[in-house]
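S.K.: Sharing a structure here in structure tokens format.
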Amino acid sequence: MVRNLFEVASPSRAPFRLMMGPYRHALTLYLLSLCVSASLACFCEKYPWSQWSTCSVTCGGGQTSRYRKFHIDEYYHKFNCVNICSPSTQRKECNTQGCSTPCVIGDWASWSTCDPCVRKQFRYRPLLKPAQFGGRCEETKMDSDRPCLPDRLCNIQQTDCVNMFRCLNGRCIAAELECNGQHDCGDGSDEEGCKIKRDPPCLRKVQPLPGAQLIGSGYNVLAGEMGGEVLNNTYYGKECVTMRSGIIGELYRVPSNLENITFTVSDLEDDVTSEFYSDPSDYESKISSSSQHYGDHTSSFNIPILFGRRKSKKTRRTSSFSEIIKASAQKDSAFVRVHKTIAVSEFRMNENKLHASETFLEALSNLPLEYHYAMYSRIFQDFGTHYFTAGKTGGVYDVLYQYDREEINSSGLTQAEMKECVKTETVTRVLFIKVRRTKTKCTQNHMTEQTKGSILEAAEKSVSMVRGGRAEFAAALAWQKGKSFPTEQYQHWKLSVQHNPTVVDFELRPILGLVKGIPCAVTKRRHLERAMMEYMENFDPCRCSPCPNNAKTVMVENSCVCVCKAGTYGDSCEHRVQGYHSTVQDGAWSCWSSWTHCDASHRRTRSRRCNNPAPRDGGKACDGPEQEEQHCVISLFGDGDSLCVNDYEVRREVDDRENPHPSDDATYCPKPDAPVNGFLRISKHWYAVAEMLEVICFSGFELRGYQFYRCLPDGTWHKEDVECQRTVCVRPRVSEPATIQPLQSEYSVGERIRVRCPPRMAAAGQADYTCGPSLSWEPEIPGEIHCQSVIDTSVCQPGKKLSEGQCVCMSVEQDCGIADRWELCVFDAAAQTLLNSSSCAYLANRCLGQELQLVKEGPCEDSDLPWAVERTRLSASSSKRELCASVDTCYDWERCRESKCTCLLPNQCPHGDAKDYCIAFRSREQRVSLCKLGTIICKKIPFQMCASSEPTFQTPEH
């Protein structure tokens, strides 16, 4: 048999035999030894496996197991089958699909107080948990209102229409616009009861601008959808500005809101472009990032100004995106997208003095003066979150073809060839543009055998995301396998785009900028900004549970949806195609924490963590900041929400200074400015001579100097030096999961705080800080307080921290905070006992020289004290000290597996180790290595130490 191993199937074997000559005898002996060893080994197939057990759970990822059916006989003992056929039990994951969970809707909140301005009460119930993994969320009303009788007066004050005409709806327009036949108010009140009719600004007949209402629409950046009309682009003002279309030749009147507009047919993309997506998750990510992106500017409302090109409708609320997800759930699919953008006009809005639509103003006027989320968030649902400030109108040809991945692989086409073939056939067959040459590979491959050379008809289906033009032409551009291909519909759709355009390229600003010139505009803007933050949080996919197989999670209305990666499919992407073994997991953000309290520096912060899920096995980290900071306002009034603050109040104060009030001959002093971090106790526009005005400091500040101003006869103020000086330490910024005790907004000199961290984490830097006499923290806090892993070995070894440029042992008292003392069970060699400890204290004490050995994670109940004692004794002689998961240390007889040390089998020990120990096994003495001795004791195999062997170890109990 051994000789046959050297027979080579070759015409000439002589060279091989000559080459093997010097080593042939050694190799023969080695192979013979293998045969002998094999003859003495257990033949495990003699003992068949049982059937897999029922999965431990029906969904959500459980375990199933099976075991070998051993027959305990002479063969079993003679050939050491218990160890050779180890493990005797196998386990694997099962039912990995997510558990179908319906949405959870909270209870109704109590009715709000009766709003005296709209004479209604409101209540709201929150979406506590979105539906996921196929669970349903029945369409349920989330808010309601009912009429009521108020017990107080409405605080809404009418805006000041000085030298202007006041409309019945509260809007102010120029006096010259009254009775000019244009309906400038929007409610018709400017054209009622007219005794004298003015000539209209335009004396000749002109047409309204096509698409003017479209570009006056709002835009919801969360859903990627148009909202209701927010700008009144049928308002023209006092001037008659006209232009003629170069396409149709009509004369149009330009609305007052528009700075300029031009008509021209142009291709934003010079040619048809095609893209290959290996999975729908790849497609969703590309569309999310390309349809709009953040610019360099931010608005005064803590909401970004956006720029973008709507190459495709980035919508998660439409049937198109849902159709793509459902298609990928049926089979492992790849996608090729073909798109082309046509622009028919370019526009830019005025920077200031925009005229809001009547429906938008009416919705604002119906908002209660007190904050109520359900009412204020409805503005964004109805009108969107932003409005267009510039852009282009036209149409977007956008079709996504779905292909079976197995068919693509069998066709021999690469990704680049696939997208080029799809693009070429689209250009020639759909757009009717001549192409000089079509590659033979596109028409003659395994995929096109049944479709007469058509790569488009080889697709499973296509999804139309065409925008602009007539709806029936746009819908007809989609195709389903087995039906006739739409070869003539593109030209019909393209012609209809000129009369039915949509916005294809844009700049956006928050609609909060349009909330002005109405009663209580400042108050309502603040409420809308607050509702915007809550609205965005409610539709954040951070509320969803992670999807299996690294699928991407998105929210579609009140449900979470899994978008599959390549090689996976199913409703929750739980299935894998054959050969897919990736364990990569990209990171995703958790939800933002609540905002901290507004501190004395008028700043507040919030944070989030990349742990939903955390990246592993080479997965991508989360994009974006972990912490946000913004300016905030400290309210001086307990009932600040119900105060009616108008835009014109500040302007009136300026006017009052220029035009003294009252109109009598007396002298008055204008309202002075309050010092920084202070305010005036009595605030009014004008003060009489000899009147005293007191300065008050904000909380946390102390007044230094004389706090009273006195109005002098010459209309000026007598002031002495006065300022508000800080008297406390401001609460430092804290990043989750760190907390501080005690938790206060400000601290007096001498007060101390202590940093608290969760298990396996410790404060980065000091754990205790004191408010010093200079009103700063001692020692100095670098940036913010945060926790770090106690097993982070990027700088120092476990149990050490970086201090003054050197790694030093951590202190249990200073660095371990309130870590969970039941986290680990450890063996104290000095006390010969088991004790519970946190991982932070365990590593710190080991660093300080205390002889501790990890026994297991969790409490010490049911722990093996004898083995802990023997393991510690054996470790003194071990030549191997391998760090495992930065907490445990593995020795000669162990290996690190799944973040913990596990014992080897005796036959797995290296054969070349020194055999320093003599044991008596089955009445026979033999010498063994430290590794084999450790495995025997660990596996509780009965043996005796030879009488002369040193050191001696306890014999395991039978």
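Just so it is clear, glycine is given a Cβ too, placed from its N, Cα and C backbone atoms.
Unlike curated entries, TrEMBL annotations are predicted automatically.
Straight from TrEMBL, here's the annotation block:
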- C167-C185: disulfide bond (DISULFID)
- C179-C194: disulfide bond (DISULFID)
- C697-C724: disulfide bond (DISULFID)
- 198-543: domain 'MACPF' (DOMAIN)
- 667-726: domain 'Sushi' (DOMAIN)
- 727-789: domain 'Sushi' (DOMAIN)
- 1-41: signal peptide (SIGNAL)
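Are these features on the surface or tucked inside, and what are their neighbours?
M.R.: All protein chains included, C185 (disulfide bond) registers 23 other Cβ atoms within 10 Å of its own Cβ.
In the three-state DSSP reading, C179 (disulfide bond) counts as coil.
According to DSSP, C697 (disulfide bond) is assigned to a strand segment. C697 (disulfide bond) has a Cβ environment of 22 other Cβ atoms inside 10 Å.
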S.K.: Could you check which of the disulfide-bonded residues C179, C194, C697, C724 is the closest Cα neighbour of C185 (disulfide bond)?
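M.R.: Looking at Cα distances from C185 (disulfide bond), the smallest one goes to C179.
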S.K.: Could you break down the residues of the domain 'Sushi' (727-789) into DSSP helix, strand and coil, giving a count for each?
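M.R.: Taking the domain 'Sushi' (727-789) as a whole: 0 helix, 26 strand, 37 coil.
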S.K.: Looking only at C-alpha atoms, tell me how far C724 (disulfide bond) is from C179 (disulfide bond), rounded to the nearest Å.
M.R.: 55
S.K.: Out of C167, C179, C194, C724, which of these disulfide-bonded residues shows the lowest number of other CB atoms within 10 Å of its CB?
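M.R.: Sparsest of the disulfide-bonded residues C167, C179, C194, C724 by Cβ contacts within 10 Å: C194.
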S.K.: Using DSSP reduced to three states, classify C724 (disulfide bond) as helix, strand or coil.
M.R.: strand
S.K.: Give the helix, strand or coil assignment DSSP yields for C167 (disulfide bond).
M.R.: coil
